[in-house]
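**Q** Take a look at the following structure, please.
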Amino acid sequence: LSVYNLVFSSLSCTGCRGWHTRTPCKRGISTMSSVAVLTQESFNEHRSGLQPEQVKGIGAEDEDSLPTYKDAFPPLPEKPLPEGVQETGNAWTSKIKPLKSSLITQVFHVPLEERKYKDINQFGEGDQAKVCLDIMHKTGAHLELSMAKDQGLSIMVSGKHDAVMKARKEIVSRLQTQASATVAIPKEHHRFVIGKSGEKLQELELKTATKIQIPRPEDPSNLIKISGTKEGLEKAKHEILLISAEQDKRAVERMNIEKVYHPFITGAYNKLVGELMQETGARINVPPPSVNKTEIVITGEKEQVALAIAKIKKIYEEKKKNATTIAVEVKKSQHKYVIGPKGNTLQEILDRTGVSVEIPPLDSSSETVILRGEPDRLGQALTEVYAINFTANSYTVSSVSAPSWLHRFIIGKKGQNLAKITQQMPKVHIEFTEGEDKITLEGPTKDVQIVHGQIEVIVTDLISRMDYTEISVDPKFHRHLIGKGGANINRIKELHKVSVRIPPDNEKSNLIRIEGDPQGVQEAKKELLELASRMENERTKDMIIEQRFHRAIIGQKGEKIKEVRDKFPEVIINFPDPTQKSDIVQLRGPRNEVEKCTKFMQKIVAEMVENSFSVSVPIFKQFHKNIIGKGGANIKKIREETNTKIDLPAENSNSEMIVITGKKANCEAAKNRILAIQKELANITELEVSIPSKLHNSLIGSKGRFVRSIMEECGGVHIHFPTEGSGIDAVTIRGPVEEVEKAKKQLLSLAEEKQTKSHTVELRAKPEYHKFLIGKGGGNIRKVRDSTGARIIFPTAEDKDQELITVIGTEEAVAEAQKELEALIKSLDNVVEDFMIVDPKHHRFFVLRRGQVLREIADEYGGVMVSFPRTGTQSDKVTLKGAKDCVEAAKKRILELIEDLDAQVTMECVIPQKFHRSIMGPKGSRIQQITKDHNVQIKFPDREDQQADAPVQENGEANGEVKEPADPLVPKKCDVIVLSGRKERCEAAVEALKALVPVTIAVEVPFELHRYIIGQKGSGIRKMMDEFEVNIQVPAHELQSDIISISGLASHLDRAKEGLLERVKELQAEQEDRALRSFKLIITVDPKYHPKIIGRKGAIITQIRNQHEVNIQFPEKNDENQDQITITGYEQNALAARDAIQTIVGDLEEMISEDITLDSRVHARIIGARGKGIRKIMDEFKVDVRFPPSGAADPNLVTVTGRPEQVDEAIDHLLNLEEEYLSDVVENEAKMAYMKPSGSTASSMEEPRGPSKGFVVREAPWASGNEKAPDMSSSEEFPSFGAPVTNARSSPWGPKRF
């Protein structure tokens, strides 16, 4: 230690302000002080503070009252308190009832031969360290690693139970070497090992901590590969064989035989069980010793199994009858020698003597070893056990003194140094204990002595050429010294050939230890201290940024944060780990740069917060495509114009919510535009219904089931209940008029039922029955509802319980509905098989498109299975299997489809090919709707490519060949659309197709307005085309035509024409307004007044522009007319702006400037911090005050500008301030002149005091013998902080401990 602090228990006296030890003061009241620190300064101060009468001498009567040296400075205890002696109890040492922790701790051991990583020397780069950190982050458990005596790895895992179990699995798979093995079981048994959805396989892998690879179904191999630890392999193999045995079609027998007799059945090294399997041909699975099971499984042919069972029983009964036991007490520490490496010693004893040696488990405290076998063999086995025990007892334990910091160098890189010794002396065990300055050796005496000598030589050599030092660095800088991935510290280690130990964060230590070559240690020390010093001058600032914004700030692949780092290269920006759920972002670097970067990032965050407002808009699913628009035009336009992010649900999703994100005002604007589109497209209305708020929760139902059933039944209307607890009764319903009325009636009816007496019953039915129970278009369930008056609610796709059906209503209605539904469900459970005849010519229709028609029938009719004969067979027999009612309904549906097929006709519809794309609609949506509505098939002709871009011709050419003139009455092949289906349906579909043929009308629009209608890059015309779903053709510029053509559906043309003419009116009004706004006015103002008119940062001129809505332009630097200001806008506004400027100029012309002399020593105080003082004066007196710049000829000259009376008042105020501040300046200067030199002390100004003996104690070490009292002024006795310690003589304070 470089600094000695004297610590002692004492009494502080309030009467004489002196120190007394355990003796009350006669002059005042003494108060107990637990700790006092005696330093050179305090000692001098104490001596100088004694009164003369106190130091004249110490009489004999006072000598006994002096404390002894041991009383004043009690020595530290060298030994613990003997047993039975208890420390004095106090409030802090009283027993507190322990609380049960939710955390657990487990220790896992990885043997040396199974360790995957054996080098933990690389700081910050070791794979083992990275793996452990990853496991801690992934599982949330805490890991601590240490070396066991056998060089194995002991891992202590702490945390919650689940976290510890997950960490254990990760440790076994990632820190332990993975052996592998294969097990062969029949291919058909593989699926039982995998289990449903792979659950069995996952459970097996977790249970055995192994990885199990099962070949794919197409792979002919029956070998299952297992990888993991040796123990895990045995367990997994055993479990897989058990699964296979259970599924084996051959005989499977299980025998429960006591575990202690298993070794006699398996034999040494499993020889006997192998012979039994070879002899009988049966497969015998005996659980390994690590699995605590008594069950032996035998599989094979019945005769083979019977033979194997007989032989095993014979061995068991014979051993049970003849075998006896002997118990031997063997020290727990010697058990490992009895077991031997990998259990080989136990197997050798069993092989040579036929005796089984039973060792108690590791977690047992028992030291009893049991020998079991034939009486005449027990003696030989006992002799062998005693021989092993004797050998173990002949081992000796020795220790070599070696500083703990040298241990790693003695071990060497990857244990190379130790490996040389252990290879020569394999029986010697060498143990290094962290923190202890010794190495423990265990083994045969001679071998231990040899190894002892070898290690001493290594230690002596290392001490002679190695050195170490410790430096103190604030822990907050440690990670910066380490660098990213240990880059900084590893560079220093490699450059200077040293080892640097930086304490982990949890130690909260500031000591960094450097070990290695003396010169390298000093150089590394110097470099680390320089780095630390540089960091101390840096500024670290924590910013609170919500974690949800972190990813957006960082950007994809870190692109956005890279821009920030490029802008502020000297600032290090650290984001917290996502798993920590922290909002703190740390900035580190030069103070000014950190402040700038902070402001920049705060601006980014403010923009993100402003743009993160979100609102959900319910829009009927059928209108989503209209909101998207052709090629996404509508949605893109709304996004661009409102600057929002709009997310629509996926096409296959049932959600109707459109989510808008951005600024609040922008989100509201986008919401209104989307709702307006829906309102235009459909007859949407909104209605409010008053229902008592206390009934809202019961109407909504669990997870919204009740209200969702009403919404679905009423065509998907939107029903919105007010926020819970708001007390509002109004419920909003939005949707088509008819459906809204229907939903209103149902809500009111349900509310009335709830108010009177509502009853609820739950039924269960298989999900595949639900569609059949509901019926086509809800027909079946509507009948039940109409006849009983009860409401029946089926589960939605989001509900977890897919079998639950809820019935709501009055008790009588519910009971009746329940009875009907239960009868229906019961009939559906009655599975029957039936047949029907279907002409083979129709089979293809049903099985086409992977049996889509059959799947639809199965979905609609309770999962009924319909089987058609295989292709190629001439059978017309179709099999139906399912519930009786479902089968009958399915047969009826099949017959309807066959009838449609027999009645099917083909019809042609002639529409010019140029209109086909328009008829189809975006992605064929229009044609799909017609197909669905009219239940017909529509086929469009192939497109004629040569005529695609040319005008339609009656007589054309194809492939370069001249055709004969075509009959104008015969339609072209490419214009014919073919429809298939029932005649009446085809006719309706033809009408629907023809209604989609676009019509063209002409609208007259003045030519000069065309470019405004088109808009920037065509945005204006695109907006109109998307809004009205038409095509608008503007004539080419060179044609100078006023005619604009509109093409589209007849129903859309009128709206489009009105919209276009409305736009023309708007443009004409804008033209007129533009002409009025272009009035220009030029005024002449002296250039010297221009800065005053503009104002600070343009504040004054901006106010004039905004107030009068005009544009004001000042002359450029190079303009000839520097005194001209141009005002553009409406005439009256321009004149008002001119008057405002002339008023300012008039005020400025009345102003004067006066120079005054103010002492430069008071300028800074008048100006104030950041100019606050002078700004206050200028605002108060409405003047401008200018101070001289640095280096001016007259530093005291100050100029004041303003109105005469205000200038005079400001000058008086400034002169008063000068007088006030100047008196303070003169006074301070006078004080400074009388200041004492820095080296003088207070004591030199005082009168000398009498001699003082200072602090006196009896029986001090220096009172007897030749030793002298400690010299308080000696830097050797009391070295200053950081000074090197020299090897000096022994001190009265005792031996130095460093």
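The backbone N, Cα and C atoms fix where each Cβ goes, and this holds for glycine too.
The domain 'K Homology' annotation in TrEMBL covers 177-245, 249-317, 322-390, 394-460, 465-533, 537-606, 611-679, 757-826, 830-899, 903-998, 1077-1146, 1150-1219 (among others). The annotation coiled coil is assigned in TrEMBL to 807-834. Residues or ranges marked as region 'Disordered' in TrEMBL: 941-966, 1262-1298.
Set these features in their place in the structure for me.
**A** For the domain 'K Homology' (249-317), the mean pLDDT of the prediction comes to 86.
Helix first, then strand, then coil: DSSP counts for the domain 'K Homology' (322-390) stand at 38 helix, 15 strand, 16 coil.
Listed as Cβ neighbours of the coiled coil (807-834) (distance under 8 Å, sequence separation of 6 or more from its ends, same chain) are residues 706, 750, 753, 756-763, 765-766, 769, 772-773, 784-785, 787-793, 862, 879-887, 891.
When the domain 'K Homology' (1150-1219) is classified with DSSP, helix, strand and coil residues number 37 helix, 15 strand, 18 coil.
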**Q** Could you break down the residues of the domain 'K Homology' (465-533) into DSSP helix, strand and coil, giving a count for each?
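**A** Looking at the domain 'K Homology' (465-533) with DSSP, the answer is 41 helix, 16 strand, 12 coil.
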